[in-house]
Amino acid sequence: MGGQTLVTGVIGSDTHIVGNRILNIGLEKAGYQIVALGALTPAEEFVDAAIETAADAILVSSLYGQGELDCRGFRDLCVEAGIGDILLYIGGNLVVGKQSWESVEQRFLDMGFDRAFPPGTRPEDVVAALEADFARRGAGGRGD
Amino acid sequence: MQAGHALLIDFGSTYTKLRAVDLEARRLAGSAQGPSTIATDITEGLQQALNALEARLGALPAFRHRLASSSAAGGLRMVTIGLVRDLTAEAARRAALGAGARVIGTFTHHLTRADIATITDWQPDVVLLAGGTDGGNREVILHNAAALGSAGLRCPVVLAGNRSAADEARERLGALEVRTAENVMPRHNELNIEPARAAIRQVFIDRIVEAKGIERARERLDAVLMPTPAAVLEAARLLADGAGTDRPGLGDVLVVDPGGATTDVHSVCAGLPAEGVIPRGLPEPRVKRTVEGDLGMRHNAATLVETVGIAAIAREAGVPEDTAEAICAGFAGAVERLPQTDAEHAVDAALARLAVGRAVARHAGTLETVYTAAGAATVQHGKNLSGVSTVIGTGGALAHARDAGSILAATAADPHDPTSLRPRAPRFLLDREYLLYACGLLASVAPETAYDLALASLEPLAGGEPP
């Protein structure tokens, strides 16, 4: 498996880059092409990068608890830009305070993300999810 | 060491300008100009200019090199096409500007029928078609290639997009003349504009010279090498980087050219962020040219007034608003007009200061403070010019100004606006003899001579040190 192009980055005013780098290394090892946008990335830049590189998925990280604000309208942005069917993942410390993971996950799924990952997710979990989703969608993910 | 003379010609929109250089003495032997006669026979204006040069020198030397640049007949008019505005479309625009082109339109995403009609109507000299990273989006560049291929365009196309789509795009461009270059953005956020620049320049040499009616002068020349703005950019690169082993160059350089229609800014520097500052957006080219179409002092005087406001111009010039307004209106209607009265000089200098100040502010990057959970972070957008040590002014407006130093001072950083990354403490030099373009041309055959000539001709301003 692998070979698909993935856009990764840390959204919003968030400088936590270490986990994202570790994720990128794991994804690259699994054979994916990584377009790494790094820290402090606005939502629009994820979408622009995905268009130019014909990416198959966007993997958004958010570590500082503001993920819900930063990601509001993310799927709509993709729809507007003509890549509405792209695979969208989100992961990290998505909210502040003690909230049940189930409610947090549901909130991000309702926002149009295909999957949400809690803190402590390992790169191999993400790879397994990608493989399952790409297999389900058919080889090549989105394609053109 | 080369002996003999070189003749450097600028076929401009109004004048045919000549600079004769003594290669051994490394100095300007003489200057002359004639009218631009591109509409009838370009050799007429050239002959008049040569006659004037002969009268000045006594006799014309046998020229060892005869090189020309041209901004005649509207310059190199280009349309650039990319996919996303801030990515491949911006990279394509930068490649065209760096090649000395006048970018008359930039298009993104799928070209519509209306876009194609507009482009066909404009009759550009060259179209630069980009889009998609290598292995990335193919669909849009293929759509656009097919649309251009069936549009009835006549001009050559430089194809510099997704290399996985290059062969098919070429086929879809049909009968159009196509030059393929490396992708202007091979990977996301990786700028690669030199190959496209070189391809545009080759098209200029092979095709545009003919299309613009310059070929009649061909037997009197070795070559028409590049558009005049590209020659100025070459001179900036030469001054920054030096020539040979014992001419290390001046380091980071900025060149401003406030003209009648536009204000051009050229920079040669890495422009990287200061320590701890996080860069954002497309990386900046080390050799960068920008053109501000709304900041011109004659053809666009009205636009400049609209952009900065008559009140700012009057305040800057120290004249009443109605006086400033009348003088600006006069300038807008009289393109070749030089200032006569004191008030006209004051308004002219004010226009120049505002034009170069704004143009450099747009060319330069900016700092933004972002508040993160871990505290404040500083982000840089664009190119950091704060370390630029030399600012050079060129063009008629500066050469004729009473106080060019005060105009060039408007390029420097403003302590009241620390977010604008303009040169912090530069020295100012003036290209009073209008030799930069000539040095840019000469650099292609005698870089060391061109370097020495450029250095010797630049005049330090405002008590600065000579270079």
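Note that Cβ sites are derived from N, Cα and C of the backbone, with glycine treated the same way.
Predicted, not measured: the structure shown is a model, and the values here were computed from it.
Some features that TrEMBL has for this protein:
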type	residues	note
BINDING	A:His16, A:Ser61, A:Ser62, A:Leu63, A:Asn93, A:Leu94, A:Val95, A:Val96, A:Gly97	adenosylcob(III)alamin binding site
DOMAIN	A:3-140	domain 'B12-binding'
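Structural mapping of features recorded in TrEMBL.
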residue: A:His16; record: adenosylcob(III)alamin binding site; DSSP (3 states): coil
residue: A:Ser62; record: adenosylcob(III)alamin binding site; DSSP (3 states): strand
residue: A:Asn93; record: adenosylcob(III)alamin binding site; DSSP (3 states): coil
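For the domain 'B12-binding' (A:3-140), the DSSP counts in helix, strand and coil order read 60 helix, 27 strand, 51 coil. When the neighbouring Cβ atoms lying within 10 Å are counted for each of the binding-site residues (A:Ser62, A:Asn93), the highest count belongs to A:Ser62. Within the model, the domain 'B12-binding' (A:3-140) carries an average pLDDT of 93. Among A:His16, A:Ser61, A:Ser62, A:Leu63, A:Asn93, A:Leu94, A:Val95, A:Val96, A:Gly97, the residues given in the record as binding adenosylcob(III)alamin, the maximal Cα to Cα distance rounds to 19 Å. Spatially close to A:His16 (adenosylcob(III)alamin binding site) yet at least six residues away along the chain are A:Val10, A:Ala39, A:Ser61, A:Leu63, A:Tyr64, A:Gly92, judged by Cβ distances under 8 angstroms. In terms of local Cβ density within 10 Å, A:Val95 ranks first among the binding-site residues A:Val95, A:Gly97.
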